[in-house]
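Undergrad: If you look up TrEMBL, you'll see 8-254 marked as domain 'Nodulin-like'. TrEMBL lists 67-89, 101-124, 173-194, 206-226, 238-256, 327-345, 365-384, 396-413, 419-446, 458-478, 498-517 with the feature transmembrane segment. Summarising the annotation, TrEMBL assigns domain 'NFD4 C-terminal' to 314-522.
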Amino acid sequence: MPSPSSAHWLSLVGSIWLQTINGPNADFPVYSSQLKDLKHITQVQLNFLAFASDAGKLFGWFSGVAALYLPLWLVAFVGAAFGLVGYGVQYLFLDSAGLRYWHLFLLTSLAGNGICWINTVCYLLCIRNFGSSSRVAVSLATSYLGLSAKVYTSLADSVLPGLAASSKAKTYLLLNAVVPMLVTVVVAPSLRVVDLTSEASTDAAFLVMFAITLATGACAVVGSIGSTSGSGLSSREHMISLGVLLATPVLIPLALRVRESLHKIRETKRENRIHDLGTDDAGAVVVIDVAAAAAADAESNKEGDDVMAEKPQEEIGGLRLLRKLDFWLYFFSYMFSGTLGLVFLNNLGQIAESRRLGQTSTLVSLSSSFGFFGRLLPSFLDYYSAKSGYSISRTGSMASLMAPMSGAFFLLLNSSDLFLYLSTAVIGTCTGAITSVAVSATSELFGTKNFGVNHNVVVSNIPVGSLCFGYFAAYLYQRGARGSTHQCIGAACYRETFVVWGATCAVGTLLCAVLYARSRRKLAVRTPCLARLANCLKSSS
């Protein structure tokens, strides 16, 4: 089976770098309190701004349609341009009274839609360029999205410390506008689909990539814990070490390129040697035919097994998707888990403020770092399950991740800071893993042909959930607020919210378990048909 070449791996590195900076909305909790004071808005209005970023995903399916007709590098540039305009205009006019609340809402929605365009590019590159290893590639790339908040907070503390101290909001708005466009310009040449033609194995490349990814995540976690305890590397030293680790993956396509060049040189020398020895053409043809026949025989023997090993995929798209019960089970189970986790992370700033925690950025960095490992976990499972010949159900994985997440919400009822940090780590990990698994679950349930549109329809649950859960939390918070500052202080500010969120996540676990049972039953019905097809293929060979 053809393996990814250096060009494919270069596209994966480009996707990884894009994913690393494609979560500019993740740093919103860091500066949300200052934005609230600067623009004199209530907690409910602030929640609607958090929702605005997710509201852009309602039109994310446009990016899937555009990817059918436009080159992927152009789709990425459109997404980066939306972010540049959305955050850039806010940065330029934040201090102006002319920048009204509804301007902020529309600009944030535009920037949020830009995130969908870049995500679509990354997903399609991994799926089209890595064939049977696409699930591993998707999980690897999306894991780096969990580092976005960590990267932006580190950049703000190390590159722009003076501006960050005087105006957090302007610092993060500037970074959110500029960084995605700069990275898109750098990686644009690598954002292309390449046919799989190389026969050389790249298993070692995946193992090296896993090692680099683990080291990157460890660096992020150590930096977050160090900032919590007040010890460890300085902000600038930590940013340099994190930057070096983020740049290291480019060595993999370089090494593969060197190997491919050496292989071509050896093949050329071999052909010249055969020609010099006077080998006749007929003999050469016989050798090639025998090798080709052996390869064809092995492939035909394996073909039936592949049919059995691959899960059947029914290609579903358009309005048919909305008529499927499985879609709605998937839609609401995702909303009651992954989306709920994102709403919690969006409210971290206010939660920390209500408990009088001074370093909000530390809590955000912690959730980002553990979210990275959560997103990385599915890639390990995909890699080793592929090697063993077994496939892990994505819906079953999602259901198993929702249970601890529900428990973490109930742990937050304890007013101790320790439980706040522990629950944030658990929710960050589970949310990251669920959002990563969901990418493969969409193709598992509904096929890959219409993936670009289907997945953007699925993630439209994020703005819906963000509006409902976020407004509910903001309403309860505002009800307990005192004074003209609209601030609520104490663990009671979010107690009722955490109870409702925990119960909602438990319902999501039940829905996903039902979806898993249905998908297992469908697979059991189709397996006899696949067995007969496999036997026909073997007998015909």
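Cβ atoms here come from the backbone N, Cα and C positions, even for glycine.
Bear in mind that TrEMBL entries carry predicted annotations, made automatically and left uncurated.
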Undergrad: With a Cβ cut-off under 8 Å, give me the same-chain residues at least six positions beyond the ends of the transmembrane segment (458-478) that come close to it.
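TA: Cβ under 8 Å, 6 or more out: 42-44, 46-48, 50-51, 54-58, 60-61, 116, 327, 330-332, 334-336, 339-340, 342-343, 346-347, 350, 354, 438, 442, 486, 488, 493-494, 496-497, 500-501, 504.
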Undergrad: Please give the average pLDDT for the domain 'NFD4 C-terminal' (314-522) in this predicted model.
TA: 85
Undergrad: What parts of the chain pack near the transmembrane segment (498-517), using Cβ distances under 8 Å and only residues at least 6 beyond its ends?
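TA: Long-range Cβ neighbours of the transmembrane segment (498-517): 326, 329-330, 332-337, 340, 343-344, 393, 395-396, 398-399, 402-403, 405-407, 409-410, 412-413, 469, 472-473.
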Undergrad: Are there residues at least 6 beyond the ends of the transmembrane segment (206-226) whose Cβ is under 8 Å from a Cβ of it, and what are they?
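TA: Counting only partners 6 or more residues beyond its ends, the transmembrane segment (206-226) has Cβ contacts under 8 Å with 133, 136, 140, 143-144, 147, 150, 154, 232-233, 238, 241-242, 245-246, 248-249, 252, 362, 365-366, 368-370, 372-373, 376, 379-380, 383.
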